[in-house]
Amino acid sequence: MNRPLLPSKHVPAVRISGTPATFHVKSFGCQMNVYDGERMAEMLGAQGMTAATGADSADLVVLNTCHIREKAAEKVYSDIGRLRREDGTRPMIAVAGCVAQAEGSEISRRAPSVDIVVGPQAYHNLPALIGKAVRGEVALDTDMPAASKFGSLPDRPKQPRPMAFLTIQEGCDKFCTYCVVPYTRGAEISRPWSAILDEAQALVDGGVREITLLGQNVNAWQGTDPAGRTQGFDGLIRALAALPDLARIRYTTSHPNDMTEGLIAAHAEVPKLMPFLHLPVQSGSDRILKAMNRNHSVESYLAILEKVRAARPDIALSGDFIVGFPGETDADFEATMALVRDVGYAMAYSFKYSARPGTPAADMADHIPATVMDARLQRLQAQLNADQIAFNSRAVGQCVPILLEREGRYPGQRIGKTPWLQSVHVTAPDYALGDMIDVDITATGPNSLAGDLKKRIAA
Ligand code: SAH
Ligand code: SF4
Ligand code: F3S
């Protein structure tokens, strides 16, 4: 169902001669985008379309995009160009995700070969938009409706892996001055208790043993249980932990200001809640945190970590950092380095500040030169990498429970995760994905561990 590539920017969209039979969804950005991509694929599958082996052979390609930094947002345009095939045809192209929300109809102006633009709160309308595109009509939907899209999506089918993502909260009301998420994802909403428990049960029924709860501020989740009691995120975790066949629960991403006493206590009391916390701090300087509108200080952040470590001494900590925020001095950056050394992260993500149109920080004074940002990022990443290697090497000699989640490269090799989110390669030909096994860790690298099978752990 390929059709000729449009030769110039100003040619109007051509009629598409039939409904696409195959699709490929490519997701960029955060895990919530990965989740959305999976739900779109499941929805297209439920419409009778089949998954293609890749973008090259698909009738419809969905680029599920990320707007968080300039590089990520610009990538979509080179990706669109790359969808052109050797015979001069191209697939039907849908741009979904946060670039779709932020740029809307501007996308089709810049890239006329785009047939569909659909925002992250409107992708349940993708089948209707495909219909419009087939008829040659403008297919754009970036509405942020009051009603949630989730009710219009098909139930979760059987999953290919024993672990799955489950979005429970969306949007953000925090308005950090550098960040586009409050604009691309809209206001903070929590999905209802029963919708989450039903989806979790469906995933578990389909073979899932580990669920990662997702939200831009996942720990801000609030809801009402069937008895009419108001519940926070920790109450939801406790209810999910009661599902018999669910072995592990994780969550990401959390904001320090929503780290409640109840959630910290859950880390001590709920064995299925894994000892891993991704708690971004962004900077180690109070002056910069204030300019970022983070609404917490270095001291209050460290106080939370101390409480979490008291509740769960083996917890692995992770974070996000931005270097080169406008006005960041050498002293501010040294404060970030000091915080990193102080905490000892098991892993972390670090980024150069990227000015985003429409955000308050983009208009601030004293933008930092690229060379300074590069040097700071290099130093920060060297420290974070060293800390990650140190954390991983402490696992050597330990016996740890691994949940097997995918096949390795060699016959009989499986890859699973420790409770602390480290990948472990192990030869375990007699065990299936979804099995939990004890593994003696024998070797370590920066990104994964190796181990010897000890025994199966009773399910
Ligand atoms: N809601 C989450 C994460 C959102 S985006 C949170 O608040 O922690 C993921 C990460 O991208 C952020 O934590 C931040 O470190 C980074 N980020 C966001 N906007 C950015 C920008 N304009 N430039 C560079 N990094 C950015
Ligand atoms: Fe962005 Fe801040 Fe919201 Fe995280 S808390 S999504 S960084 S505005
Ligand atoms: Fe990117 Fe949107 Fe996620 S901007 S990080 S895909 S919320």
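Glycine is no exception: its Cβ is also placed from the backbone N, Cα and C atoms.
Across the domain 'MTTase N-terminal' (21-135), DSSP helix (H, G, I), strand (E, B) and coil residues number 55 helix, 25 strand, 35 coil. The feature domain 'MTTase N-terminal' is assigned by TrEMBL to 21-135.
Sequence annotations record features per position, and here TrEMBL assigns [4Fe-4S] cluster 1 binding site to CYS30, CYS66, CYS98.
Feature annotation from TrEMBL assigns domain 'Radical SAM core' to 158-390.
Taken from TrEMBL, the feature [4Fe-4S] cluster 2 binding site covers CYS172, CYS176, CYS179. Annotation note: CYS176 ([4Fe-4S] cluster 2 binding site) sits in a coil segment as assigned by DSSP.
The annotation domain 'TRAM' is assigned in TrEMBL to 393-455. Counting residue by residue with DSSP, the domain 'TRAM' (393-455) contains 1 helix, 36 strand, 26 coil.
The most crowded of the binding-site residues listed here (CYS66, CYS98) is CYS98, judged by how many other CB atoms sit within 10 Å of its own CB. Apart from CYS172, CYS176, CYS179, the [4Fe-4S] cluster 2 site neighbourhood in this chain, defined by C-beta within 8 angstroms of the site C-beta centre, holds LYS174, PHE175, TYR178, VAL180, VAL181, PRO182, GLN216. Among the binding-site residues CYS172, CYS176, CYS179, no residue has its Cβ under 6 Å from any atom of ligand 3.
Ligand 2 lies within reach of none of the binding-site residues CYS30, CYS66, CYS98, judged by a C-beta closer than 6 angstroms to any of its atoms.
Averaged across the domain 'TRAM' (393-455), pLDDT for the predicted model comes to 94. Each residue contributes its Cα atom, and for CYS98 ([4Fe-4S] cluster 1 binding site) and CYS179 ([4Fe-4S] cluster 2 binding site) those atoms are 12 Å apart.
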